Amino acid sequence: MAEKAKKKKNGGGGNQRIAFYKLFTFADRYDIVLMVIGTLSAMANGLTQPFMSILMGQLINVFGFSDHDHVFKEVSKVAVKFLYLAAYAGVVSFLQVSCWMVTGERQSTRIRRLYLKTILRQDIGFFDTETNTGEVIGRMSGDTILIQDSMGEKVGKFTQLVSSFVGGFTVAFIVGMKLTLALLPCVPLIVGTGGAMTYIMSKKAQRVQLAYTEAGNVVQQAVGSIRTVVAFTGEKQSMGKYEKKLEIAYKSMVKQGLYSGLGIGIMMVVVYCTYGFAIWYGARQIIEKGYTGGQVMNVITSILTGGMALGQTLPSLNSFAAGTAAAYKMFETIKRKPKIDAYDMSGEVLEEIKGDIELRDVYFRYPARPDVQIFVGFSLTVPNGMTVALVGQSGSGKSTVISLIERFYDPESGEVLIDGIDLKKFQVKWIRSKIGLVSQEPILFATTIRENIVYGKKDASDQEIRTALKLANASNFIDKLPQGLETMVGEHGTQLSGGQKQRIAIARAILKNPKILLLDEATSALDAESERIVQDALVKLMLSRTTVVVAHRLTTIRTADMIAVVQQGKVIEKGTHDEMIKDPEGTYSQLVRLQEGSKKEEAIDKEPEKCEMSLEIESSDSQNGIHSGTLTSPSGLPGVISLDQTEEFHENISSTKTQTVKKGKEVSLRRLAHLNKPEISVLLLGSLAAVIHGIVFPVQGLLLSRTIRIFFEPSNKLKNDSLFWALIFVALGLTDLIVIPLQNYLFAIAGAKLIKRIRSLSFDRVLHQDISWFDDTKNSSGVIGARLSTDASTVKSIVGDVLGLIMQNMATIIGAFIIAFTANWLLALMALLVAPVMFFQGYYQIKFITGFGAKARGKYEEASQVASDAVSSIRTVASFCAEDKVMDLYQEKCDEPKQQGFKLGLVSGLCYGGSYLALYVIESVCFLGGSWLIQNRRATFGEFFQVFFALTLTAVGVTQTSTMAPDINKAKDSAASIFDILDSKPKIDSSSEKGTILPIVHGDIELQHVSFRYPMRPDIQIFSDLCLTISSGQTVALVGESGSGKSTVISLLERFYDPDSGKILLDQVEIQSLKLSWLREQMGLVSQEPVLFNETIGSNIAYGKIGGATEEEIITAAKAANVHNFISSLPQGYETSVGERGVQLSGGQKQRIAIARAILKDPKILLLDEATSALDAESERVVQDALDQVMVNRTTVVVAHLLTTIKDADMIAVVKNGVIAESGRHETLMEISGGAYASLVAFNMSAN
């Protein structure tokens, strides 16, 4: 349903573009000044062409009518005017380019910021139904570039060209009205073709954008859940989805190229036919109306430079089409008024809040699942200062109560009251600031531990942070980390174990010092010892606060002032534990009995933690203890910490990094060409077409010089010659009609294929990186998504537009010099001497612009990560009113690239102005030199114009290429960044086909003398000489303190990492010698925080089986995981979308789907990392039964805090100080007096 709604939204009807002027909605006064100066300068710059044609007319008459002796004197008068024109053109073109580039950068940065700000202020329902992180990042990195392109220098260029057009026609009317009127009908033809083409192009641009946004979602999901993807060997699946989206974009891009070529081709035919007609009709005007040759040429050049200028508006129009299409969705979001607005400052603010909560007759459905009724007349009262616990089955709506109190959603009917006032009447930010939330899956941001904690209170002092950490029992493990509070936690907190993350989240809530406390399974990720200490901290915290607790473990809620049992959308029982336990038939009593049934185990259950406590005490004294604060990742799969382990280490890494990028820059263009090798035939044909297209320019110059000569011939000869040259011009137009569509179409194929190949290869390489690569914050999902979308698009411009232009211009230059030298070698030599000035000017433009791009892009990537983090954790951002904090951080990351953009604008303006200045100065010098040669009888008037037109058209070609410099430079940066990805060689490569495949897998596992440290935390030893043997079919449970490395064992078995020394064997074969994808197929992993993809429930379960599963297999697996009944009760059953990271489901529901996925895989080895921690007692019992059945004849490794699940294990191993301290069956270990395991259990019993 959500999917359908989304599709409808994205692709649905209407013309999805905004009006062009609306792009500038967010301009401030400074921008308006810049745009006015830029526009006036562009208009003035556009008039240089008409002025030049006036001077050209004067010049032609001087050359045509002056006698040889006075030609130099007369020409020098006109040449001085050319120098004035040069100065004028230099200044206005500088102002045009720099003003528009600077304002483009300013406004696009503002749009990025406004878009993120608006996204952050939206109600949570918007994220459930209308957007996701991938889309937001795609829009902020890809779409804003298109918008910036359409509102920067392209607007100036467009204004300049239109001004040239208007100026040209004005001059033509003044000089020769009759001839101009005769030529006028050609103009609508030119304009009409351009308009039709732009319309079609914008349609195609929308299709391309939509496909890329969807491709971005695939990247976001895969990289954000990379451990799940590789554990289920889902790389090919992700690639398949990605390539499907790329194929749609590819087809649209090719059509775009074809239509643009046809449009330009038709336009050029019209232009050249106009030339032909003008020559023929102009000749008649000379004979009949006494026009001069200069007049006719003036009219022709004025109309044609005007008409050509209109033709050249195409790239700008394409840009405007792409920009207005990209802006449509972004501006629509910016304008969206949220139902619950965090920025709305109206609403009540009380001087003091007591904390009485009441839900009165509430009816509620989630926006993403409007067909599932969650609450039907739900009522609950929580007096201030009281603790109320909500219990009930997984999915009964306990967490929904918390969402309604936080005002993430509003009820359909009924009221949520605080202190007797309807929640809707309060100022949203103020009321949220009075509520502290700790959720079941704590969300941390990809920054330091300190930064994560101060989300609770902006200006918290060090002392306050320390106190909060002590209360949350988190200071011990943080003190052991080399960087302490400055340790990076990784994307989604992957560098920490579940328990460590939860304690930081609790510290954050403690720091907020809220009046109302909402605890959603707040201690579910903790081991018994941490849970007891944190529970004590929470009890202190709850004093004189209104607290609502959602819990599965009933031990944690017995002391609550009131317990409410939630079932089928209502409170069906409430009272204290002692009151309700008296009714043996009550639902609460039954729940308690269910857990009592496993009470003995529960005792053990809480146990591993005694060991934890003693370990913590032992190692807290010695900073360098072997276990100095291991960090494991959330999925239990261990991760890493930021690069800045030590200054030296950090610098080494960054210096090698810059070296690679630099090296990449040297080779990138040649390598890019190599990537386009399969399209060599297409490129050759395209280049051939470009060459012919290029030769047309000097040939046109040659024809013009011949034409000028005929205007000074006797009437009878003029009549015949004019018809002949007119037909030659028509032939030239027909040539263009063939070669331009060919050139554009073929280069579009090559460019689109290259983009597709680069995106595909890069994503494939990303998917097959080893996990430690993703542990580096530089490779987070937001950054990778931004790199794939921005870099591939930028690189395409080198192959498509730029390569075509280079071939075309080279042909123009070579053709021009051949024509010049055959005319008069002296004149040509003179032209050759001044030409280098033009080339150097172009070269220096490229050099100047180099060096700004790379740095700025890196910063925008960092900014993308800030946005990605915030959007994927939107509930946490909303709950902690952290919208402003996120915006400040984003702003900080954008400041530097914005400054770079300003510099780039000024430099580009200087170079662009310089090119015009040089062009006209050179022409002036040429006129003087030419007239001197003519006066001295070393050249003729005809030869001079043949050389002159050849030179000017070449110069225009070179200047045009040099304006492409920003594109070439951006593409080089992007290419370096792409080859950075393509060249990274993973140590553990899942794409490798090498390695043995065992004919039969028994499942014997052995870890022999394993030592291990995380690659990015080389200063912390996790294992030192760890040995463990697991026989085939055995169930082995790992216990130990939070962060002792239990989950690291699972990571090593899955080969997410390789040990530093020692061996890991499967059936006596070292796992490093086995084929990696095959090895992972033998293992089924269920992690502590299950990762689901933003798809249907059915496809999430089917993900477990390579090559897809039948409906029957999916249902069987769901039944085994005790999730089939719940799925069947949903209106869309297995077709229900789970939302981003599974937000539409409760923790228990997600976990059961993850278990079904692992069951479907039917693995030989089962790895359960806290697999039932998120389940309530009822679900846990049934899932545990299911797991028990699944474990039969399978080797199983269990990591658990709840010892119910491990008492019956064939072997229990205690992980302590980097080795296995004890191992054996429960009974055996209990007999070791003073043993780690026995003391855990004893501690647990007393705690219970």
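Glycine is no exception: its Cβ is also placed from the backbone N, Cα and C atoms.
Annotation source Swiss-Prot lists ATP 1 binding site at GLY392, GLN393, SER394, GLY395, SER396, GLY397, LYS398, SER399. Taking Cβ-Cβ distances under 8 Å and a sequence gap of 6 or more within the same chain, the neighbours of GLY392 (ATP 1 binding site) are LYS398, VAL565, VAL566, GLN567, ASP1176.
Counted within 10 Å of its Cβ, the other Cβ atoms near GLU1041 (ATP 2 binding site) come to 29, all protein chains included. Swiss-Prot lists GLY1040, GLU1041, SER1042, GLY1043, SER1044, GLY1045, LYS1046, SER1047 with the feature ATP 2 binding site, giving sequence analysis as the kind of evidence.
What Swiss-Prot records for 35-322 is domain 'ABC transmembrane type-1 1'.
Swiss-Prot lists 357-593 with the feature domain 'ABC transporter 1', giving sequence analysis as the kind of evidence.
Sequence annotations record features per position, and here Swiss-Prot assigns domain 'ABC transmembrane type-1 2' to 683-970.
Per Swiss-Prot, the feature domain 'ABC transporter 2' maps to 1005-1242; the stated evidence is sequence analysis.
Under the DSSP three-state reduction, ASN473 (N-linked glycosylation site) is assigned to coil, being neither helix nor strand. Around ASN473 (N-linked glycosylation site), taking its Cβ as the centre, 24 other Cβ atoms fall within 10 Å, counting all chains. According to Swiss-Prot, the N-linked glycosylation site annotation covers ASN473 (among others).
The N-linked glycosylation site annotation in Swiss-Prot covers ASN652 (among others) and rests on sequence analysis.
Per Swiss-Prot, N-linked glycosylation site is recorded for ASN720 (among others). Sequence-distant neighbours of ASN720 (N-linked glycosylation site): no residue of the same chain at least 6 apart has a C-beta under 8 Å from its C-beta.
Counting Cβ atoms from all protein chains shown, ASN779 (N-linked glycosylation site) has 19 others lying within 10 Å of its own Cβ. The N-linked glycosylation site annotation in Swiss-Prot covers ASN779 (among others) and is backed by sequence analysis.
Residues or ranges marked as N-linked glycosylation site by Swiss-Prot: ASN1094 (among others). Here the Cβ of ASN1094 (N-linked glycosylation site) has 23 other Cβ atoms within 10 Å, regardless of which shown protein chain they belong to.
Around ASN1193 (N-linked glycosylation site), the same-chain residues six or more apart in sequence whose CB sits under 8 Å from its CB are GLY1033, listed in sequence order. Under the heading N-linked glycosylation site, Swiss-Prot lists ASN1193 (among others).
Marked as N-linked glycosylation site by Swiss-Prot: ASN1244 (among others).
Positions annotated as transmembrane segment by Swiss-Prot: 32-52 (among others). Sequence-distant contacts of the transmembrane segment (32-52) (same chain, six or more residues past either end, CB-CB distance under 8 Å): 24, 85, 88-89, 92-96, 99-100, 102-103, 106, 155-157, 159-168, 170-171, 302, 305-306, 309, 916, 920.
Annotation comment: Swiss-Prot describes 82-102 (among others) as transmembrane segment, evidence class sequence analysis.
Beyond the ends of the transmembrane segment (158-175), by six or more residues, the same chain brings 38-39, 42-51, 53-54, 57, 96, 183, 187, 295, 298-299, 302-307, 309-310, 312-313, 316-317, 320 to within a C-beta distance below 8 angstroms of the stretch. Per Swiss-Prot, transmembrane segment is recorded for 158-175 (among others).
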Among 179-201, 261-281, 722-742, 914-934, the most Cβ pairs under 8 Å with the transmembrane segment (82-102) come from 914-934
Does the transmembrane segment (813-833) come close to the transmembrane segment (682-702), meaning at least 3 CB pairs under 8 Å for residues 6 or more apart? yes
Under 8 Å Cβ-Cβ from the transmembrane segment (179-201), and at least six residues away from its ends along the same chain, one finds 169, 172-173, 256, 259-260, 262-264, 266-267, 270-271, 273-274, 277-278, 281-282, 285, 291, 296, 299, 303, 307, 310-311, 313-314, 317-318, 320-321
The mean pLDDT across the domain 'ABC transporter 2' (1005-1242) is 84
Assess whether the transmembrane segment (261-281) lies in contact with the transmembrane segment (722-742), where contact requires at least three Cβ pairs under 8 Å among residues 6 or more apart in sequence.
yes
Among the binding-site residues GLY395, GLY397, GLY1045, the one whose Cβ has the most other Cβ atoms within 10 Å is GLY1045
One should report the C-alpha separation between GLY1043 (ATP 2 binding site) and ASN473 (N-linked glycosylation site), rounded to whole angstrom, as 14
In all the protein chains shown, the tally of other Cβ atoms within 10 Å of the Cβ of LYS398 (ATP 1 binding site) is 25
Given the ATP 1 site GLY392, GLN393, SER394, GLY395, SER396, GLY397, LYS398, SER399, its other Cβ neighbours within 8 Å of the Cβ centroid, in chain order, are VAL566, SER1146, GLY1148, ASP1176
Candidates SER394, SER399, SER1042, SER1044, SER1047 (binding-site residues); min other-Cβ count within 10 Å returns SER399
Sequence-ordered, the recorded positions among SER394, GLY395, GLY397, ASN473, ASN1094 whose CA is within 10 A of the CA of SER1047 (ATP 2 binding site) come to none
Sequence-distant contacts of the transmembrane segment (813-833), meaning Cβ under 8 Å and at least 6 residues beyond its ends, amount to 694-695, 697-699, 701-702, 926, 929-930, 933, 938-940, 942-944, 946-947, 950-951, 953-954, 957-958
Per the 10 Å Cα distance test against ASN779 (N-linked glycosylation site), the binding-site residues GLY395, GLY397, GLU1041, GLY1045 reduce to none
